[in-house]
């Protein structure tokens, strides 16, 4: 079955697409990455940077996660990301999203050995 690290990659990594995504991008990617199976995931962030650069965040600044855990890390540089948010008219199975292209610091949770990203916490 899928590991937490693999799930992070499926849900959040899109290294090779340009960061100039639109709502069409979100609608396709949310479906392609299986986040509209059984329900519409309300919000999801895709990161347009190399996996290596995102994994490196695990050794950058430690911050507290939203849930109070202490294994979150904030990227030292800003990263190109796309926020996909469900629109008001979205209704399963016709999930609909709007895209925001942003350049922000990401905050991710890391765990394991090797110490790798397992959860996207926030962007700041």
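The backbone N, Cα and C atoms fix where each Cβ goes, glycine too.
With a cut-off of 8 Å between Cβ atoms, the residues of this chain six or more beyond the compositional bias 'Basic and acidic residues' (1-13) that come close are 33-35, 44-47, 51, 54, 108, 111-112, 116-120. Sequence annotations record features per position, and here Swiss-Prot assigns compositional bias 'Basic and acidic residues' to 1-13.
The annotation region 'Disordered' is assigned in Swiss-Prot to 1-23.
Marked as substrate binding site by Swiss-Prot: 7, 10, 41, 42, 43, 44, 45, 66, 85. According to DSSP, residue 7 (substrate binding site) is assigned to a helical segment.
Summarising the annotation, Swiss-Prot assigns active site, proton acceptor to 12 and lists similarity to another entry as the type of evidence. Close to residue 12 (active site, proton acceptor) in the fold, though at least 6 residues off in sequence, lie 44, 45, 46, 47, 117, 120, each with a CB less than 8 Å from its CB. In the three-state DSSP scheme, residue 12 (active site, proton acceptor) is classed as helix.
Cβ neighbour count for residue 26 (disulfide bond): 24 (other Cβ atoms within 10 Å of its Cβ, all protein chains included). The feature disulfide bond is assigned by Swiss-Prot to 26-84 (among others).
DSSP assigns residue 95 (disulfide bond) to coil, not to a helix or a strand. Cβ neighbours of residue 95 (disulfide bond) (same chain, under 8 Å, six or more residues apart in sequence): 27, 30, 31, 36, 40, 86. What Swiss-Prot records for 40-95 (among others) is disulfide bond.
Reduced to three states, the DSSP call for residue 58 (disulfide bond) is helix. All chains included, 20 other C-beta atoms sit within 10 angstroms of the C-beta of residue 58 (disulfide bond). Taken from Swiss-Prot, the feature disulfide bond covers 58-110 (among others).
Long-range Cβ neighbours of residue 72 (disulfide bond) (same chain, at least 6 residues apart, Cβ-Cβ under 8 Å): 62, 63, 64, 65, 107, 108, 109, 110, 121. DSSP classifies residue 72 (disulfide bond) as strand under the three-state reduction. Under the heading disulfide bond, Swiss-Prot lists 65-72 (among others), citing similarity to another entry as support.
Summarising the annotation, Swiss-Prot assigns active site, proton donor to 119. Non-local contacts of residue 119 (active site, proton donor) by the CB criterion (under 8 A, 6+ apart in sequence, same chain) comprise 4, 8, 65, 108, 109.
A distance of 23 Å separates the Cα atom of residue 43 (substrate binding site) from that of residue 58 (disulfide bond). With residue 26 (disulfide bond) as the anchor, the candidate recorded positions are 7, 41, 58, 85, and the one with the nearest CA is 85.
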